[in-house]
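S.K.: Okay, here's the structure, questions in a sec.
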């Protein structure tokens, strides 16, 4: 029961962690290449949340890679509990940051029509989209970890 796609120490688990990391890093990159993201608290929160996501996902990707190389299973109950808590915390933070940033993007740049700098608006939108993609992958991972913990 514990050997399905996305579990720690499998190739699909490594791919899931790397995709979380890449989407979060892309979101940070798109946001920080703008000149005025720091004027909006939600955008600063997005940067902080995605930064935490990069650190968490990259650390677990390294752990998955190590487990693949050594051919070890990472199904220890204590480790799985840590993975579940970490995944759920980062998933909630990522969703909150992406939603807040999406709300600001829609309100400020679409509803108020205050988008004089089109390139900046597209970067904000790209950053928010990548943040949602990162959240989708961390949500999948957190559900897999919860399922593993419950099955054990």
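Glycine too: its Cβ is placed from the backbone N, Cα and C atoms.
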S.K.: With TrEMBL as the source, identify the stretch among 11-39, 40-68 annotated transmembrane segment.
M.R.: 40-68
S.K.: If we skip the immediate neighbours and take only residues 6+ beyond the ends of the transmembrane segment (129-150), which ones have a Cβ under 8 Å from one of its Cβ atoms?
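M.R.: Sequence-remote neighbours of the transmembrane segment (129-150) are 2, 4, 6-8, 13, 16-17, 19-20, 23-24, 26-27, 30, 46, 49-50, 53, 57, 75, 77, 80-81, 83-84, 87-88, 90-91, 94-95, 97-98, 101-102.
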S.K.: On the DSSP side of things, how many residues of the domain 'Casparian strip membrane protein' (7-136) fall into helix, strand and coil, could you say?
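M.R.: Final tally across the stretch: 109 helix, 0 strand, 21 coil.
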